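Database features (TrEMBL):
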REGION    21-92  region 'Disordered'
COMPBIAS  44-58  compositional bias 'Low complexity'
REGION    104-136  region 'Disordered'
COMPBIAS  104-115  compositional bias 'Basic and acidic residues'
COMPBIAS  116-130  compositional bias 'Gly residues'
TRANSMEM  170-191  transmembrane segment
TRANSMEM  211-230  transmembrane segment
TRANSMEM  242-263  transmembrane segment
TRANSMEM  269-288  transmembrane segment
TRANSMEM  351-371  transmembrane segment
TRANSMEM  405-429  transmembrane segment
TRANSMEM  476-496  transmembrane segment
ACT_SITE  HIS489  active site
TRANSMEM  502-521  transmembrane segment
TRANSMEM  533-553  transmembrane segment
Amino acid sequence: MAIMESPEIVVAATATTTTTISSAENKEENSNYDRSGSLRRRTASSVVVEAVAAAAAKDVVKTPESDSDLDSSSKGNSTDDNEERSRSKLVYGSSGGVELVRELSNAKDDKDKVGSGEGRGGGGGSGGGVESSSSSSWKFAYRPSAPAHRRIKESPLSSDAIFKQSHAGLFNLCIVVLVAVNGRLIIENLMKYGWLIKSGFWFSSRSLGDWPLLMCCLSLLVLPLASFFVEKLVQKKYISEPVVVILHIIISTTAILYPVVVILRCDSVVLSGVNLMLCACVVWLKLISYAHTNYDMRAVAKSLEKGEVLPNYLNTDFSYDVSFKSLAYFMVAPTLCYQLSYPRTAYIRKGWVVTQLIKLVIFTGFMGFIIEQYINPIVQNSQHPLKGNLLYAIERVLKLSVPNLYVWLCMFYCVFHLWLNILAEILCFGDREFYKDWWNAKTIDEYWRMWNMPVHKWMVRHIYFPCLRNGLPKGVAILIVFLVSAIFHELCIAVPCHIFKFWAFIGIMFQVPLVVLTNFLQAKFKNSMVGNMIFWCFFCILGQPMCVLLYYHDLMNRKGNST
């Protein structure tokens, strides 16, 4: 007869269980309260059942192989009882389920071994073998009377637990669905329109007629040279400060008006006009920063001459200097804020530059492919969004939003990551924080502070804080910043299209109430998802496609009227 079936062992187990119950109850005194503060009411029978199950699940039985072993085991009953009590304490609470599953798994493995003749008894016969302790553990472990529910748990998708879970599987599902949906759209587009990429995709004969724009872009390099001579004159005190301000205003205004006149007088390609206006805006911003920074350095130099304390952010060896080398580096560096020196890297990674150039060509081609194959057919088959059927206009905007979003993301990656990093690597420019994680922006103003860091630093340095230092309220300073941004957005789009309907201006100024709305929602709900979803919805899903449709139909109407 197996030892586990003898009455003596059962009595010993019962005694051990009685001792375990008292110790377990003491151990669980602090864990018998739920989250609402009420005591978990458990009957004595449930405690006994749990203690029996926990005690029986432990490896407490050893099979004697001889009479001497049996005698020695009986002599050490008191010691074994103490060890039994320490091993058979009740496991209950947050780890109870884990311990029980572990015991069940180990017991099942050992039971399989016993069934195949690998148990510790070693007797492969069917009648006289001695049961192993693991087999007995399987008997007593998860009985029908043992509790299956041991602690309070939340459903994985409940409000208290949803953000504590890993959603990697759902993220993978979204990727699979996105690939499937876009694959269907690609097939549908090819079946409906065929291959729309023409031979003049990269270069057309009409681009040769845009040489006046190219010459205008190259002639803009004269303006920084004029600013340098103005600063040299004021350094040698040949001209006064008011004259310097007037001259810089004339130079910077020329940087904007000259390209505008050239574009309006030439019937150029829209893309060529956009590139020229972007270059003109960059030159204007750099000239303003150059003039403003030199003006401030002259003021600091005068303060030092008077014996005033130097600001903490300036070096102790500060000296006002007008250097052509500093200006030339600034005009080609990937920054809009002028300073005498910049953080520099030690060397150029030529292989890395080649890799980024290849990426730039690939993503630029992909962006052009989306425009030619998807955006153009959608826009051409649409109607003016502010005229006609409202539901049809909404359907066109939503259909255009997906390829437009892809183009916008590719544009961001090509310009702010690839091109600016390539330029920084060639020039050994060290500060390469051209953007932050704007895709996680919780509010609209947080997005504008993170997605274009060169422009953001320029706005803060040359507009926002000067407004505050001159006594303007913070809200007025923010409004002025958005106003300047709206003007330049309108110039970069309206001038190349020869259309002045102020759609881009209105779209940027509409960001101001959205800033107030998202800040209010963030403060009210304390949830970063609300503002982030509003940003993606209004800015990328509705705003940009709407502007594309508005400018396209106004452009088509202008061409139709001109013919």
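Cβ atoms here come from the backbone N, Cα and C positions, even for glycine.
Bear in mind that TrEMBL entries carry predicted annotations, made automatically and left uncurated.
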Do at least three CB pairs under 8 A connect the transmembrane segment (269-288) and the transmembrane segment (211-230), leaving out pairs fewer than 6 apart in sequence?
yes
The transmembrane segment (405-429) and the transmembrane segment (269-288): do they have three or more Cβ pairs under 8 Å, with pairs 6 or more apart in sequence?
no
Count the Cβ pairs between the transmembrane segment (533-553) and the transmembrane segment (405-429) that lie under 8 angstroms and are 6 or more residues apart in sequence, then report whether there are at least 3.
yes
So which of 405-429, 476-496, 502-521 is most in touch with the transmembrane segment (242-263), counting Cβ pairs under 8 Å?
476-496
Return the residues near HIS489 (active site) by Cβ distance under 8 Å, restricted to its own chain and a separation of at least 6 in sequence.
ALA504, PHE505, GLY507, ILE508
